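Structure first, commentary second.
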Amino acid sequence: MPTATPATAPVTTTDVLIVGAGPVGLFAAFQAGVLGLKCELIDVLDRAGGQCTELYPEKPIYDIPAVPGCLAQDLVDRLLEQCAPFDFPMHFGQRAESVAEIPAPAASAGHAGHERLLVTTDGGKRFDVAAVLICAGAGAFAPQRVSLPEAAALEGRHVHYAVRDVSHFAGKRVIVAGGGDSALDWALALRKVAARVTLLHRREGFRAADGTVAEMRRAVAEGEMDFVVGMLGALRTEGADGGLSEVEVRTRDGSTVLPAEELVALYGLVSEPGPIAQWDLDMRAGRILVDTTTYESSRRGIFAAGDIAFYPNKQKLILSGFHEAALALRKAYHYAFPEKALVHVHTSNNAALKEKLTHA
């Protein structure tokens with residue numbers, strides 16, 4: 001459960017906070033820079049890319065204008081390269097928890113008289129912004145957890161959904177459960193430090209890169225690690241601290257017991273609206289209803305773009321999200337600079353911008 005952010009935590013002041021660093025969020029950052037807006041990005045994941053990076057990095061994408069075809073991860077890499085000249089701060093492992101209006105008299109220096117928003121995250125960060133652009137895809141991602149009732153008490157100690165510190169597994173018997181790239185990558189990596197690593201998957205086939213699967217099978221054949229086909233059946237503990245000692249595995253032939261002190265379950269991610277669902281926004285089936293002239297939500301200064309935005313005839317396409325973000329930021333500009341008119345200038349005719357983009 002996230003801890004409360006102290007009211008005295010430092011506050012970062014910027015024009016726009018972008019929630020979500022997937023393709024739409026990254027393009028939004030680029031557009032913010034083009035418009036002359038300062039922005040910062042937050043994402044609950046530990047790196048940029050959203051679903052494209054975490055769920056299907058090798059999925060081919062064919063419907064991006066002027067890009068006949070590319071892999072999902074390649075698209076993310078290109079978007080990162082595109083917005084790099086603006087060098088916007090990105091804060092990973094941060095989930096937006098709450099948003100509150102800052103009364104005009106209490107607004108930060110330089111913005112007195114204009115209502116702004118204070119966004120807090122579960123990681124202790126606070127942002128004073130003119131606008132929030134939510135590009136969180138289908139919502140915040142969370143790991144798919146082990147469904148066994150005894151797993152909850154072991155989470156963070158002996159049951160893990162990510163590898164934060166490899167040294168924690170040194171000299172221990174480790175089971176890595178899952179059949180995707182992350183599961184195989186970490187099983188191969190941990191075999192170098194653990195006493196023994198067993199990869200556990202419900203079937204012989206994998207949802208991973210062919211080269212990674214081949215490397216895993218070679219490591220198993222040469223006795224560097226083990227592979228078991230089966231599913232988690234029970235977690236057994238021992239000792240005063242109730243540490244994990246064995247894992248019961250259901251197999252085709254019945255069951256078997258594997259010694260284990262650590263379990264790394266990498267079953268993929270599931271999406272959930274998260275705290276944004278409590279932000280007093282008009283929502284439809286977990287998505288944010290927006291005005292299609294500005295992509296602003298029912299709450300002033302909060303915008304949505306990408307899969308999380310809802311409106312009639314909405315198309316869940318990355319290119320649609322690009323369009324939505326571009327229009328949202330033009331309205332956000334007026335909140336950031338209410339005294340200034342936004343004059344449209346083609347990037348090719350803006351000498352300063354052209355210099356930044358071509359000589360970054």
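Glycine residues also receive a Cβ, built from the backbone N, Cα and C atoms like all the rest.
Noted in Swiss-Prot for the protein shown:
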BINDING   Asp43, Gln51, Tyr56, Ala96, Phe141, Asp307, Ser348  FAD binding site
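Swiss-Prot feature annotations superimposed on the structure.
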| residue | record | Cβ neighbours (10 Å) |
| --- | --- | --- |
| Asp43 | FAD binding site | 26 |
| Gln51 | FAD binding site | 21 |
| Tyr56 | FAD binding site | 16 |
| Ala96 | FAD binding site | 25 |
| Asp307 | FAD binding site | 25 |
| Ser348 | FAD binding site | 9 |
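Ser348 (FAD binding site) carries a helical DSSP state (H, G or I).
Under the three-state DSSP scheme, Asp43 (FAD binding site) falls in the strand class. For the recorded site, Asp307 (FAD binding site), the DSSP three-state label reads coil.
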